[in-house]
Amino acid sequence: MAALTIAAGTGNWFSALALGVTLLKCLLIPTYYSTDFEVHRNWLAITHSLPISQWYYEATSEWTLDYPPFFAWFEYILSHVAKYFDQEMLNVHNLNYSSSRTLLFQRFSVIFTDILFVYAVHECCKCIGGKKVGKELTEKPKFILSVLLLWNFGLLIVDHIHFQYNGFLFGLMLLSIARLFQKRHMEGAFLFAVLLHFKHIYLYVAPAYGVYLLRSYCFTANKSDGSIRWNSFSFVRVISLGLVVFLVSALSLGPFLALNQLPQVFSRLFPFKRGLCHAYWAPNFWALYNALDKVLSVIGLKLKFLDPNKIPKASMTSGLVQQFQHTVLPSVTPLATLICTLIAILPSIFCLWFKPQGPRGFLRCLILCALSSFMFGWHVHEKAILLAILPMSLLSVGKAGDASVFLILTTTGHYSLFPLLFTAPERKNLFLIGWKLSTYLAWGLWKSAVNLYSLSPPGS
């Protein structure tokens, strides 16, 4: 805290926050890591050792390449640095390979690529304005937002213990959001298109982007009552947006289209046979559905309404990553989850179209789309809750009501990530860090909530 006080006096508090969390990430290098560590090591080996024509066919390991092409190229670039650390990690047949140098490279690669996330947070802070600003550093909305994002407890767990590369991906998303707040719509659209070709989970929030850009960028004027002015439609702008999406998609998928491998790529990206739920159930509607099915099956067996011989030994309620049938309740198909998700996001989409509230309304719609997909999507990972928590951080420094919602969301959402921590040291130490950090942020948000801040483009 003393370091922050000194940094505040010199105006370098943001750098101090970024440096502090980077040092914390370095301290987490020797902690437990999950099978995702081997997943990404295998992808390094695939992209480095094999020609592009075999990337989405290679199946020596069970951890096959199932991310979009931009992420594959990202792994390819990393692999050319990895060879200077340990050449053996790039051997496709070295399954479950690990060494101290491999560990250092993969951990530091996550920390290094987080530079983009730090830059994106800095840009988001520029979008925060307000007439009332607290005298203390801890009451300033930009400081609170920086802590909420840079020191996000979920990202520390998922990226720097469990092991993934979500930091720089969320950096792309936050930078895209910042550009829309700054009315740099083409840049925002470009960044989001690139993001989709890095990780397709961001399709969850694509409806919010599509409707907002069409409504607020392609239509250049509104009537006095706020309704759409149809004759203000700009064909030039919609063609420009379409061209951006087309060029990014062509750059990503073009090589595989030329190789006639698009069906294979899409089969890897959308493996519906993995089942309704992930091994660690996300706390969503389908988890309750599975639990209810289990309760009904137990009751049915005790009351002799069900024949034990007709109940499958492995069911959807067993938590396995495979496609199984429910025992009592109707089994759920991918189409059913899609319909439920679309129904859930429709109200926010309609509000964004008929009652646009600028970038702030877009951000609310994005969060609701993320939450709806999390609640009703097919094979949702527990980590997907960060797709709502991080954008909600921007709203939390704006109004007291949003801050209250954020505190509930971030507490429950981060709590649901604790099953990712397997060993006792991580559970104990990270729980303590998370509790202290959450308490501090709750106090900071409460103190700042008495002032009504607004997210707005600079100069507006």
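Using N, Cα and C of the backbone, Cβ positions are placed for all residues, glycine too.
Residues or ranges marked as transmembrane segment in TrEMBL: 12-33 (among others).
TrEMBL lists 104-122 (among others) with the feature transmembrane segment.
Within the same chain, residues 13-14, 17-18, 20-21, 24-25, 28, 31-34, 36-37, 40, 106-107, 110-111, 114, 117-118, 121, 124-125, 128, 137, 170, 174, 383, 385-386, 389-390, 393-394, 396-397, 410, 413-414, 417-418, 420-421, 426, 430, 433-434, 437-438, 441, 444-445, 448 sit at least 6 positions outside the transmembrane segment (143-163) and bring their C-beta atoms closer than 8 Å to a C-beta of that stretch. Residues or ranges marked as transmembrane segment by TrEMBL: 143-163 (among others).
Within the chain, the transmembrane segment (189-214) has long-range Cβ neighbours (under 8 A, six or more residues past its boundaries) at 67-71, 74, 169, 172-173, 175-176, 179-180, 238, 241, 244-245, 248-249, 252-253, 269-270, 345, 348-349, 352-353, 356, 361-362, 365-366, 368-370, 373-374, 377, 381, 384, 387. If you look up TrEMBL, you'll see 189-214 (among others) marked as transmembrane segment.
Same-chain neighbours of the transmembrane segment (235-259): 52-53, 56, 68-70, 186, 189-190, 193-194, 197, 213-214, 217-218, 220, 265, counting only residues six or more beyond its ends whose CB sits under 8 Å from a CB of the stretch. Residues or ranges marked as transmembrane segment by TrEMBL: 235-259 (among others).
Residues annotated as transmembrane segment in TrEMBL: 335-354 (among others).
The transmembrane segment feature in TrEMBL is assigned to 361-378 (among others). Remote same-chain residues near the transmembrane segment (361-378) are listed as 177, 180, 204-205, 207-209, 211-212, 216, 272, 276, 282, 284-286, 334, 337-338, 340-341, 344-345, 347-349, 351-352, 355, 384-385, 387-388, 391-392, 394-395, 455 (criterion: CB distance under 8 Å, separation of at least six residues from the stretch ends).
Annotation comment: TrEMBL describes 430-446 (among others) as transmembrane segment.
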